[in-house]
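What TrEMBL records for this protein:
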- K29: active site (ACT_SITE)
- D153: active site (ACT_SITE)
- P111, I112, G113, A114, G115, L116, G117, G118, G119, S120, G121: ATP binding site (BINDING)
- 84-158: domain 'GHMP kinase N-terminal' (DOMAIN)
- 16-36: transmembrane segment (TRANSMEM)
Amino acid sequence: MCWAFDFGKRGFSLRYILLILMLVFPNAKLNLGLYITSQRPDGFRNLESVFVPLPWTDALEVVSAAETTLSLTGIPIPGEPSTNLCLRAYELLKADFTLPPVHLHLHKVVPIGAGLGGGSGDAAFALRALNELFELALPPETLEAYARRLGSDCAFFVRNKPVFAYEKGDVFEDISLNLTDTACKVVYPNMHISTAEAYARVQPRTPRHDLRAALVQPVETWRETISNDFEDALTPYYPVLGEIKQALYAAGAAYASLSGSGSAVYGLFPGQEQPPLMQLPAAYQVWDGRL
Ligand SMILES: C[C@](O)(CO)[C@H](O)COP(=O)(O)OP(=O)(O)OC[C@H]1O[C@@H](n2ccc(N)nc2=O)[C@H](O)[C@@H]1O
Ligand SMILES: Nc1ncnc2c1ncn2[C@@H]1O[C@H](COP(=O)(O)OP(=O)(O)OP(=O)(O)O)[C@@H](O)[C@H]1O
């Protein structure tokens, strides 16, 4: 926001120029366990999973402009910019509210086709930023309803806190997790796995464990109880997923798993300040930190 002084022909006047700008950092997510439980009549699958925010972030700037445009930097995003989820989020709200034009700039950092929900986070953060900037005063439930229309993973990023997710992965129950003092390493083998392809390879089945009950036990027990149904289905086609998981266990992870439909694989290292250094192929991207 800024003030401008105008000493034009009509004498002194004080003009108020409203420059609206917001910078947000859409984060990624990890799935702690993922069970694909049944086929739905709408063609989607019902699932059970626990979602946690992963602080691996993009940067998204929203600024008032003469016309609506999108610019992109960072990792190239497949597909036409007009189909970018940030623009689709803007168009969705614009259909129901009087929104001025905006320029959106997305700097893409989170790997794509990784099961980290990178695009979904961008979409939800765009909705949240527009809601705040233009004082739409939409409550989280309403933002979640808009987010669901953009993708199954999007609604999670509205409240952006650990939840037990079910149905399409877009209906939530609060969950309390204790991951303090747990270091995390996420490895992306520079390989894009399509979510639709991944779902097509999985046969729905009843979960073998109650995820909520298993997750309150120490992380060291999760290896025996918690799994991701995509892992068994995809590893025969992408053996590198199994190799990364084994490497994380060899490095001392208490629990390692594929996130979502892959291809990112993460390891959890309770009681450690930093995840251990690992020798990985130079092309792989690695995120080290804490959840
Ligand atoms: C694998 C997860 O990341 C787990 O959190 C998500 O389920 C994926 O969510 P997403 O990327 O937002 O997926 P969407 O864009 O909604 O759907 C992409 C495709 O995945 C399949 N899909 C997705 C979600 C779901 N519950 N059942 C499905 O069968 C559908 O074939 C759909 O056409
Ligand atoms: N802002 C965006 N960032 C990333 N991908 C986007 C974006 N907007 C649209 N897309 C499309 O979405 C596809 C992948 O989305 P995304 O990054 O969410 O997949 P993912 O990492 O596999 O996550 P998940 O399957 O867990 O939702 C890309 O191929 C791209 O065409």
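Each residue's number is its place along the chain shown, starting with 1.
Including glycine, each Cβ sits where the backbone N, Cα and C put it.
Sequence features, as recorded in TrEMBL, placed on the structure.
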residue: K29; record: active site; Cβ contacts under 8 Å, 6 or more apart: F51, V52, P53, L54, L116, G117, S120, G121, D153, F156, F157, S259, G260
residue: P111; record: ATP binding site; Cβ contacts under 8 Å, 6 or more apart: I75, G118, Y188, N190, A264, Q285
residue: G113; record: ATP binding site; Cβ contacts under 8 Å, 6 or more apart: M191, H192, I193, S194, T195, S263
residue: G115; record: ATP binding site; Cβ contacts under 8 Å, 6 or more apart: N31, I193, T195, F230, L258, S259, G260, S261, G262, S263, A264
residue: G119; record: ATP binding site; Cβ contacts under 8 Å, 6 or more apart: I77, L85, I112, G151
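For the domain 'GHMP kinase N-terminal' (84-158), the DSSP-based tally of helix, strand and coil residues reads 38 helix, 7 strand, 30 coil.
Within 8 A of the CB centroid of the ATP site residues P111, I112, G113, A114, G115, L116, G117, G118, G119, S120, G121, the other residues of that chain are A28, V110, G260. In the three-state DSSP scheme, K29 (active site) is classed as strand. When pLDDT is averaged over the domain 'GHMP kinase N-terminal' (84-158), the result is 98. Among the recorded positions K29, G121, D153, the residues whose Cβ sits under 6 Å from any atom of ligand 2 are D153. D153 are the recorded positions among P111, G113, G119, D153 whose C-beta comes within less than 6 Å of an atom of ligand 1, given in sequence order.
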